[in-house]
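For reference, the structure discussed in these notes is given below.
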Amino acid sequence: MGCRLLCCAVLCLLGAVPMETGVTQTPRHLVMGMTNKKSLKCEQHLGHNAMYWYKQSAKKPLELMFVYSLEERVENNSVPSRFSPECPNSSHLFLHLHTLQPEDSALYLCASSQ
């Protein structure tokens, strides 16, 4: 049982934010095993052109994972293929997760800007 526990990646997400911020992220918390597939959703209501996914690992600086501008990927800082973004429109940016590793346990944050 101890091995199974070690093989799980725990993803913590930013808590519920007031709607007046204009950016929401769901789900609030996510715990998944290495074989599960899940998605994180970022939605902005500010009319911004750019959206971002960040990763904050314990005792490490904030890491920029993906940048999308006008629904096109602008930057991908050598993120492993087990993280797959999807930007169906300028208001939504998904982060699809699969086959996660223990080192993927982190706080994942989304943001938007002009």
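The backbone N, Cα and C atoms fix where each Cβ goes, and this holds for glycine too.
Noted from Swiss-Prot: Cys110 is disulfide-bonded to Cys42, selected from Cys12, Cys42. Neighbour counts of Cβ atoms within 10 Å were compared across the glycosylation sites Asn76, Asn89; the minimum falls on Asn89.
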